[in-house]
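Asker: My questions will all concern the structure given below.
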């Protein structure tokens, strides 16, 4: 794996991951897509039918498998919030890049997105609380932190590429 993107939902992990992978001529791997493929149903259905514990176990298994592949990985927003995943992300030699965005930016990006099981039930206050609760996990494993508000995807990718060249 060349780079791992982490961050809260709506921070831009998938968008940036695809662009970064293209620039590096590597495949983009979205952990949520891997989970959907393995489970054979959307994430909302996994939560409804099997619960969050099952989802997190599958997520951990697929994170471990994915790290052995070449490419750019975009994780789920809650991936680093799980202790087992956080440990993996802290110990990996692959650079972990945290994409951050303000609560208003996140709400604007994910509003009415039915593929995100948490978002439609969260108020702005709830979102800020959840984001704040995950902040320390994100920061603990991040090698680079980029505040994405007001930046174009291309600018963000340039910053990541510059960082990766130094590694």
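Backbone N, Cα and C define each Cβ position, glycine as well.
Computed from a predicted structure; not experimentally measured.
According to TrEMBL, the record shows the following:
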BINDING   10, 11, 12, 13, 14, 15, 116  ATP binding site
BINDING   14  Mg(2+) binding site
BINDING   32, 56, 77, 134  substrate binding site
Asker: Tell me which of the binding-site residues 32, 56, 77, 134 ends up closest to residue 13 (ATP binding site) in space, Cα to Cα.
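Answerer: Result: the closest of the binding-site residues to residue 13 (ATP binding site) is 77.
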Asker: Between residue 56 (substrate binding site) and residue 10 (ATP binding site), what C-alpha distance do you get in Å?
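Answerer: Approximately 19 Å lies between the Cα of residue 56 (substrate binding site) and that of residue 10 (ATP binding site).
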Asker: From the Cα of residue 32 (substrate binding site) across to the Cα of residue 12 (ATP binding site), what is the distance in angstrom?
Answerer: 14
Asker: Of the binding-site residues 32, 77, 134, which one sits closest to residue 11 (ATP binding site) when you measure Cα to Cα?
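Answerer: Considering only the listed binding-site residues, the nearest one is 77.
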Asker: Taking the residues 32, 56, 77, 134 listed for substrate, what is the greatest CA to CA distance in Å, to the nearest whole number?
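Answerer: 18 Å is the greatest Cα spacing among the residues binding substrate.
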Asker: Identify, in sequence order, the residues in the chain of residue 32 (substrate binding site) that are 6 or more apart from it along the sequence and have a CB within less than 8 Å of its CB; answer 'none' if there are none.
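Answerer: Non-local contacts for residue 32 (substrate binding site): 43, 74, 76.
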Asker: Taking DSSP as the reference, which of helix, strand or coil describes residue 15 (ATP binding site)?
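Answerer: Residue 15 (ATP binding site) sits in a helix per DSSP.
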Asker: Please list, in sequence order, the residues in the chain of residue 134 (substrate binding site) that are at least six apart in sequence and whose C-beta is under 8 Å away from its C-beta.
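Answerer: Spatial neighbours, sequence-distant, of residue 134 (substrate binding site): 8, 77, 78, 80, 81.
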Asker: Within 10 Å of the Cβ of residue 15 (ATP binding site), how many other Cβ atoms can be counted across all chains shown?
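Answerer: The Cβ of residue 15 (ATP binding site) has 17 Cβ neighbours within 10 Å.
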Asker: Which site among 11, 14 has the most other CB atoms no more than 10 Å from its CB, taking these as binding-site residues?
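Answerer: Neighbour-count leader: 11.
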